[in-house]
Amino acid sequence: MTPPHNYLAVIKVVGIGGGGVNAVNRMIEQGLKGVEFIAINTDAQALLMSDADVKLDVGRDSTRGLGAGADPEVGRKAAEDAKDEIEELLRGADMVFVTAGEGGGTGTGGAPVVASIARKLGALTVGVVTRPFSFEGKRRSNQAENGIAALRESCDTLIVIPNDRLLQMGDAAVSLMDAFRSADEVLLNGVQGITDLITTPGLINVDFADVKGIMSGAGTALMGIGSARGEGRSLKAAEIAINSPLLEASMEGAQGVLMSIAGGSDLGLFEINEAASLVQDAAHPDANIIFGTVIDDSLGDEVRVTVIAAGFDVSGPGRKPVMGETGGAHRIESAKAGKLTSTLFEPVDAVSVPLHTNGATLSIGGDDDDVDVPPFMRR
């Protein structure tokens, strides 16, 4: 008699570098379920503090466990030297998330190596990374752009969270920690919004093949997350998701949209239809739109909507945000045949804005690879 097979998708989340390892720690703290966590770093001391299921210190010979010194080449070589070990850790995965803070050493240089290995093994590979603030300096910004370009070539789908957009999320007096916490929630909920669709049963189920159909070889992706309570909650949550200030570039040309609606057992068919219709109205007429629901009674009366748009040209012009009826704006009018009906994701040029830290001191720079920790992870 043959033993029963496990037909559940195997999902692994890899945090590499100071930022990636801290991101994994935060996901574990928040109770992200159904995935295996792997932490990879050149800083052996920082790795000891990780709560990940599996820890791998790389670059033992070249860095002696002291970090990459904010040098991506050191990070790349450290990951290359540990290729066999990384491959063994990723073997058997159906989907691999690679998360890092771009601009430093280990994450910037090592993330493309990890992603390449995962993809070679046949796993659906998704990168989720942060772009540093403009005020962190030109060198770090240039390193981040090079790292993002390399990671884009190595992943099926790459989601970039631009930290400069945090400055648009509140008034001028927003605290440093509140701004970082907002980005933290985007990173966590972005991964969770995808994994929950696969691992959590819902009224409308989405399986791994559906997710793979949207994200395989999709290139750059946009991600939006929204939540709301009370009357019109689903529509409000969808509006927030598709107009998130943490999204960069325009949705024009998107060929695939993945949408998740999470709520309690009282989640109604009418409100699901409202939220899905808003996204459908905003998408390309020929786009492949897949949506599913996740029933989670711990949410109470809250509804969460996650929208991921993939397979589009980020060079297209920006559009004004879509607003539903709850936002007081006009509904989207039908476009001519062959034209986009989307007015999503208006890009905003990065600007230098004074950051009010409420008395906190923020240190930027230096050779310590701790700078690889995304700002929203710094305590």
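For all residues, glycine too, the Cβ spot is worked out from N, Cα and C.
Looking up the ranges 57-73, 125-141, 363-379 in Swiss-Prot, the one annotated as region 'Interaction with sepF' turns out to be 363-379. Put plainly, the binding-site residues GLY18, GLY20 were compared by Cβ crowding within 10 Å, and the winner is GLY20. Mean model confidence for the region 'Interaction with sepF' (363-379) is a pLDDT of 43. Here the binding-site residues are ASN22, THR106, and the one with the most other Cβ atoms within 10 Å of its Cβ is THR106. When Cβ atoms from all protein chains are considered, those within 10 Å of GLU136 (GTP binding site) total 20, not counting its own.
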